[in-house]
Amino acid sequence: MAAAIGVRGRFELLPRSGPGWLLSLSALLSVVARGALATTHWVVTEDGKIQQQVDSPMNLKHPHDLVILMRQETTVNYLKELEKQLVAQKIHIEENEDRDTGLEQRHNKEDPDCIKAKVPLGDLDLYDGTYITLESKDIRPEDFIDTESPVPPDPEQPDCTKILELPYSIHAFQHLRGVQERVNLSAPLLPKEDPIFTYLSKRLGRSIDDIGHLIHEGLQKNASSWVLYNLASFYWRIKNEPYQVVECAMRALHFSSRHNKDIALVNLANVLHRAHFSADAAVVVHAALDDSDFFTSYYTLGNIYAMLGEYNHSVLCYDHALQAKPGFEQAIKRKHAVLCQQKLEQKLEAQHRSLQRTLNELKEYQKQHDHYLRQQEILEKHKLIQEEQILRNIIHETQMAKEAQLGNHQICRLVNQQHSLHCQWDQPVRYHRGDIFENVDYVQFGDDSSTSSMMSVNFDVPTNQSDVSESVRSSPVAHSVLWVWGRDSDAYRDKQHILWPKRADCTDSYPRVPLGGELPTYFLPPENKGLRIHELTSDDYSSEEEAQPPDCSITDYRKSHTLSYLVKELEVRMDLKAKIPDDHARKILLSRIKNYTVPEEEIGSFLFHAINKPNAPVWLILNEAGLYWRAVGNSTFAIACLQRALNLAPVQYQDIPLVNLANLLIHYGLHLDATKLLLQAVAVNSSEPLTFLSLGNAYLALKNVSGALEAFRQALKLSTKCPECESSLKLIRCMQFYPFLYNATSSVCGGHCHEKPLDNSHDKQKYFAKPQSLDAAAEEPSGHGADEDPVLSVENAGRDSDALRLESTVVEESNGSDEVEKSDETKMSEEILALVDEFQQAWPLEGFGGTLEMKGRRLDLQGIRVLKKGPQDGVAKSSCYGDCRSEDDEATEWITFQVKRVKKPKGDHKKPPGKKVEASQAENGQRYQANLEITGPKVASPGPQEKKRDYQSLGWPSPDECLKLRWVELTAIVSTWLAVSSKNIDITEHIDFATPIQQPAMEPLCNGNLPTSMHTLDHLHGVSNRASLHYTGESQLTEVLQNLGKDQYPQQSLEQIGTRIAKVLEKNQTSWVLSSMAALYWRVKGQGKKAIDCLRQALHYAPHQMKDVPLISLANILHNAKLWNDAVIVATMAVEIAPHFAVNHFTLGNVYVAMEEFEKALVWYESTLKLQPEFVPAKNRIQTIQCHLMLKKGRRSP
């Protein structure tokens, strides 16, 4: 461990001369050597050497500037003190932060008054109805109305306003606002247990309508009776007509004596209180306390003050009521509930003040932190970057290389692109830090040619310099190329642009990865093995003889079974029957004859006679004949010759015909077959560069850029001479230096990849990168093994307003199963290889690996993830992708492509003239901004219905095709989910995924008592009877819920997500976003009632254009509960709100399938494809329904 030495300032241990150096050093020491505080600029290493710290702030860009040095020291010390203050301030904030999130729950459980109250104040009915009976004034109602009078069939009501016109009077409290606005008073429903309902009817023994008629007759006879007006007030209270209650009570007050006014006042106060004019009600009750029934008045006044939040007055009123009637349970319970609420609010106010104080401290801390960062920028402005300091140290120690024992030193120079070191004297050279010397292979002493070999050391700092003064290149150099295929780098002195290409050269020469047809083919000559063929001359045959081409079939050969399996399939390949001459092979053939004027017929005759009269091993001549037929373009004869050469060749030389046969296959576009032969050739002999170059070309054609790059690296390692390889050197070096130009920087394989690496020193090639998100998961019935095809999920890369983001999830579960199979990412299967090959072929090469360019939109490919469900051994038995269906395929592969849309940079790509039609189509499709248009096969939509369907003309599959297809299990429940991100809402702004959870698990609960309205769809049977739903739950949405914050935070457990949603929902019950998230939680948990409670709350508060998010969830719940009519209504509403979302159409189609309304389902699945053409589940369901309609006469589900 290095020990730090405190030295203020900075100086370099470099040899200098002259008095100027001594003067500057003494002046510097006199300035900086003061005080005890010190920076740790110098350190002592483990071997006792004093050297600078690489990241010291005293390493300046201008080390000669003394003023900047002194300012830098002041800034360093200031930053240290400021950092201490920030740390202390942060600790103070964290220690004093109020983290008590369970204050209310703990208070309700521990406070004595809360325990005595048993329920919170909010759960008590503070509008409890009260009244003062006439009997308490010794008045009998029977004395004022004729109870024996008959009542007509149409009884009258006691309308006080028609009996007497009352003038304005302050005694009737007409100055109060509630009385003035009596026409508009609200009338909440009275609870059935309100005692006012039984007062009159129980007393008079008649129905309430009959009593009203009798009161009306009494008022007709005596319009000034305060008793009759009070009876009329009781009547209208029972009828819940506040306006009439106030009118009758005002007249009762007008005619009542002072001692009897309390009856009318309590009636008036109850009506005003229930109409939310509680302050006016308090004034009225206070007037009744002058001479009144103290118990009723005080109890009523206690309820009013509790509602107004006047807790002290409320408690005092309840105490007075208890004095008048000790032991009254309702008053006792309300008194303790008020005290409980009062203390809770006091605690919450204290917590709020604490949090506000913490917030102010955090703002101050943020201000100080910003100041700290600005000072840090000032410090970094003059500081030398770490990489530059490392380079300076390397250069310094290189120049000051010392003799190992004597301490003598000499200055050496790096030459030849830093692959050799030139020293003045022939002395031993020692290097303390030789990071720069990975590519240095020898040292030259003096001016003669004496050299000394050098062993390479570990290369910690990747550098690639043309000379010492150049800055470090950013492009990594994988291996030294001092010796390129047996040639010294001096041989490339005039070809430096090939060996060390610049980025501009690579962009001009290879703007993209070459296509398969643009890559050269090679011929592996036997001369590389030391084998030679006798040169063919005209003496070998008579020119007068008829020219005959070489016939490899006439040769007797022994059958070798070792490699026959590699080429036996090639003999019957139809795609090899075409005649395609190979220009590369023709040039190689002519160069081997060394006479470019000889016609091909004569060359064929040479080879014909050589085969019949061999003067060399026959397999060598057959190898040459294979080259001839490659040049001519006859693949059948070429394969025959090379196959016989392969069988006759010794085992150690079998790589020669294998490589040449593989290049024939590459020329015919059979790149995957070629890779098999080339990998076998590598196993035979791994020292031939041409073998690896051929393998790299095959990988490039298969769009496996990472595999190709690895093959090219292996080729560069070899020292075997290979003049034919130099034509590909520039491409190889461009891909090495600038892999980002060809999207070769990631580990994602874009085509056919192999698990086995070319070199054991490298990690196994990964077929796909770490998955970023999973928007589609599947469960299939265990007995069917049917697999839905990839689900395409679309989302925008930014938060731009014009880049609408659609993130829909489609999940399929089988009835009675709720387990999601885990992905098996450790094995690569042929299914994946076939899938990506199809994917790559469907989309243009410009989009490989990083971006996709489709119809004017630029897309970024994020990753591929596989959820695999197969046999017990975990390996699929056969390949299947797209619409292929095999009856014995027991594996289910669900692949999700997640594509992000980003703004296309201006001037990034020039549109070719042939793309005008596509551009116009893209413009026409912009009315549905969320629709990502991707080219691909589209399912033909049926034409207009006719009496007799002609299925073939509709583009439907034929009955024979239907018998071959594997149908989708339409009875399986498909769950869909429309994320809030489709509305440009970032869920992380609503839910805190970052703060660790330090409290017990909670579950998000929504208000189940929201008022009934059409907005909450309570007219639907499934919503109104949600408590009795037969809902099985949707556990397959678990991963969707756990990945809500996947872009920024890791996956969390279901309990953690539920707790986070519950915390924020508890504070904000009016957020439709949080209510929708809570509904998703309850869908996973299988609690249909709680899920619908949350969806009602979301629908209650959501704007109209956002309602399709909760509507889609509600439609899925109703679908699951087999309430299909309700589900159709809800899903249709979602489509009407957002017709541009494919998931809305798909959901409605699923409901119609469950109802066996297959024609309607077809319509909605086809509209799904119009919005999202590559949505494979919709395609598969269309095919299944079409086949069902043709092959099934009954109306049962297929």
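Even glycines carry a Cβ here, placed using N, Cα and C.
Of the candidate ranges 454-473, 774-793, 994-1013, Swiss-Prot annotates residues 774-793 with the feature region 'Disordered'. Look at the repeat 'TPR 5' (1108-1141): DSSP puts its residues at 27 helix, 0 strand, 7 coil. Per-class residue totals from DSSP over the repeat 'TPR 6' (1142-1175), listed helix then strand then coil: 27 helix, 0 strand, 7 coil. When pLDDT values are averaged over the repeat 'TPR 4' (1071-1105), the model yields 92.
Each residue in the repeat 'TPR 1' (295-328) gets a DSSP state, and the totals come to 28 helix, 0 strand, 6 coil.
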